[in-house]
Amino acid sequence: MRCAAAARSLLPLPLPPAGAAPIHTSGPPLAAELDAGDALHALLSTLPPSLPALLPSLSLLSRCLTPHSVADALLCAALPPASRLRLFLFSALSPRLRSPLLHSRAVVPILLATDADAAMYDAVADAQAAGLRPPAAAFEALVFAHASAGRHHEAVEAFSRMEGEFGCRPTAFVYNAVLRVLVDSGVVPVALALYNRMVTTGCPPNRATYNVLMDGLCKRGTAADALKLFDEMLERGIAPDVKTHTVLLSSMCNAGQLKAAENLLQSMKDQGCPPDEVAYNAFLSGLCKAGRVDEAIQQLEVLRGTGDFVLGLKVYSCLIDGLFHAGRYDEGFQRYREMLEQTEVSPDVVLYTVMIRGCAEAGRIEDAFVFLDEMKEKGFTPDTFCFNTLLKALCDVGDLDGARSLMSEMAQNNVVLDTATHTIMICGLCKKRLVDEALQVFDEMGKVGCPPTVMTYNALINGLYRARRLEEARMLFYKMEMGNNPSLFLRLTLGANQVRNSESLQKLVDSMCQSGQVLKAYKLLRGIIDSGVVPDVVTYNTLINGLCKVRNLDGALKLFKDLQLKGFTPDEITYGTLIDRLLRTRRENDAMMLFQDMLQSGGTPSLSIYNSMMRSLCRKNKLSQAINLWFDHLLKKYNLSAEDEVIASARKKFDDGSLDEAVRELIKIDQEHGSVNSSPYTIWLIGLCQARRIDDALKIFRILEEFGIDVTPACCSHLTKYLCWERNLNAAVDVMLYTLSKRFIMSQPVGNRLLRSLCICHRRKDAQALAWRMHLVGYDMDAYLRESTKDEDGTSEEFLSILNEESS
């Protein structure tokens with residue numbers, strides 16, 4: 001009765017003028033607060049859920065309310081949700097009644113339990129009708145509620161309607177909430193565009209803003225962009241916290257920038273922001289993934305010595321995983337035993353999965369299943385990732401029956417068979433050329449709602465090409481490219497706003513966000529993601545390689561152009577595959593055009609590509625071009641300038657005709673950088689032989705021998721043949737003796753030509769001595785010598801009789 005009376009006493013109050021601010025007073029005494037709380041409950045129970053009806057009484061009652069009494073009413077499930085939302089809007093406009101507690105504990109559950117959009121939007125419209133401006137807190141709550149429920153689309157829509165429909169300016173908190181939603185949705189370009197809008201509209205970003213964006217960029221693999229944001233954060237005078245540093249640290253470690261990560265750790269200590277266990281784990285994990293396990297162990301001992309770091313489960317998991325990655329399985333198992341015997345640390349699902357993978361990679365499949373059984377006995381439920389680890393191990397060793405059985409066990413135990421499960425099985429089946437069964441697994445994926453990844457498609461396309469089912473491979477590629485929404489692909493690649501690469505896409509998204517079309521930009525990117533699997537460079541490489549193998553080079557070149565038009569950057573494998581096939585079919589001009597295209601696009605040709613190009617040029621008697629090509633390679637490889645003293649000296653000697661001296665200088669350059677490779681010099685040697693420049697070829701041979709660089713059997717074969725033609729038999733014998741010292745077994749024509757030439761020149765004893773040396777190395781002289789050599793003055797009989805006498 002007292003509550004009802006309190007409510008009735010508040011009803012007659014007049015409605016305040018439109019736009020009037022709520023009354024702000026200091027907090028009430030406890031007794032007054034309790035009375036006001038009762039009155040508030042009665043008020044919300046009796047009056048209709050309309051802010052114009054509630055506002056007069058709420059304005060008067062606000063003098064006796066506190067954030068706690070308001071929160072108590074908001075949490076009361078007996079009160080109408082619509083009335084509670086209007087109370088929330090009213091309290092959000094009062095600095096004294098505002099509290100984060102109202103968002104986290106009270107408002108979000110209301111929105112999650114009701115029709116969030118309709119209920120809150122009605123309340124906001126009601127506030128506008130009462131002459132109040134819609135508070136940003138309403139949209140903060142909407143975004144947070146939708147994000148909590150995984151309704152990312154609705155969260156972005158709430159943000160878009162906030163300013164566009166209700167004229168409410170977003171706060172940094174709202175921006176940050178939406179940025180987190182965008183990053184979690186995988187549309188980082190939209191998040192970056194929204195950040196640009198945030199800055200240009202005068203809403204200053206804070207530490208949370210940068211933490212969200214840098215986390216998204218790091219997970220996307222673009223550490224350089226994250227570092228740029230970090231620098232911008234410092235320029236704005238925003239001090240990074242431990243989370244900021246840890247995000248960057250993880251990114252640096254994943255990118256292999258371990259020295260920079262170590263410097264960042266030290267910087268954190270110097271700035272009074274000591275690294276926590278997560279940061280140290282990230283650094284140790286980075287060392288292990290880079291194969292620097294010994295350094296990780298050393299760092300770990302240093303940390304343990306300071307007394308500030310406890311060796312826990314995460315560090316053990318990280319260290320054991322690193323040892324397994326380095327192939328040091330025995331040490332990994334020893335660390336596991338040490339953990340069990342010397343500490344109170346017990347393995348969890350993650351560590352059990354690491355151990356299972358280690359056993360599988362070490363070929364100890366039975367031990368892996370023992371760990372699985374032990375895991376179950378200790379009450380842990382193996383997850384999909386754990387089962388996938390075992391499934392991959394079985395497929396890798398070709399035990400497809402075991403893999404099929406494991407998949408059945410997963411299904412029986414209600415373990416989710418995800419995309420990775422099906423992809424692993426498809427890869428295993430394709431390796432065994434069971435493409436039809438792999439296609440059946442692929443069809444099952446669609447039925448159970450597992451979207452195939454680019455790896456799934458790549459495995460199937462490669463399997464179809466290996467089975468010579470080219471047309472099916474092409475159709476699968478087109479299905480992959482178009483996905484479920486072919487019109488989207490056409491819309492993005494045609495018309496005024498063409499999107500052919502990530503840069504143009506980012507510009508389009510940024511333009512949309514700047515004009516307030518955030519929801520449209522979000523839908524665009526999600527449409528691209530959901531429309532199908534975007535082929536990657538590996539997909540194109542698989543197709544190009546397949547076309548090359550069936551000698552359809554024109555089709556491969558057309559696909560290469562399509563790849564570039566779609567905004568992809570061909571990699572070393574793409575160029576290498578095409579250039580190699582073009583050169584094999586004597587299409588040197590096309591190969592050279594492709595090589596120049598690679599250089600102009602900023603690509604770095606591999607050593608194999610340079611070797612292929614130089615061989616082609618040497619075959620066409622263009623030795624000078626081949627050598628100049630190598631000079632260009634060295635400039636890129638060692639980051640030298642054309643004016644570098646050593647390079648300039650070598651080039652001058654080459655231009656002056658002193659090729660041997662130029663080669664000597666080039667080898668010294670390689671030695672200084674610790675990377676001596678014989679391939680260019682052996683290619684030139686063969687080219688010189690083919691150009692009948694035998695003296696120059698012999699000089700290169702002598703220089704390589706002097707520097708202890710192995711000369712290939714092909715070089716020795718060419719050099720021996722041409723030296724015999726030139727009747728330079730002493731040099732030819734020296735080359736043959738070199739091959740014998742290296743245990744090379746030369747083809748029959750090479751040795752025959754030399755032995756025959758020695759006999760013709762009346763040097764039978766030299767021929768016999770050489771034949772004996774060849775016999776000691778492993779030549780079967782009776783089978784090796786040709787009849788023409790055997791018939792020459794009974795030479796063969798003399799050779800064989802001497803050999804038989806020596807053997808006896």
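FYI, residue positions are counted from 1 along the chain as it appears here.
Cβ from N, Cα, C; glycine included.
What TrEMBL records for 206-240, 241-275, 276-310, 312-342, 348-382, 383-417, 418-452, 453-487, 536-570, 571-605, 606-637, 677-711 (among others) is repeat 'PPR'.
Below 8 angstroms of C-beta separation, residues 537, 540-541, 544-545, 548, 551, 553, 556-557, 560, 563, 612-613, 615-616, 620, 633, 636 of the same chain, each at least six residues beyond the ends of the repeat 'PPR' (571-605), sit close to that stretch. DSSP states for the repeat 'PPR' (606-637), grouped as helix (H, G, I), strand (E, B) and coil, give 28 helix, 0 strand, 4 coil. Broken down by DSSP into helix, strand and coil, the repeat 'PPR' (571-605) contains 26 helix, 0 strand, 9 coil. Helix, strand and coil counts under DSSP for the repeat 'PPR' (206-240) come to 27 helix, 0 strand, 8 coil. The repeat 'PPR' (383-417) scores a mean pLDDT of 88 in the predicted structure. Non-local neighbours of the repeat 'PPR' (606-637) in the same chain are 572, 575-576, 579-580, 583, 588, 591-592, 595, 598, 644, 647, 650-651, 654, 659, 662, 666, 669, 675, 677, 679-680, 683-684, 686-688, 690-691; each lies 6+ residues outside the stretch with a CB under 8 Å from one of its CB atoms.
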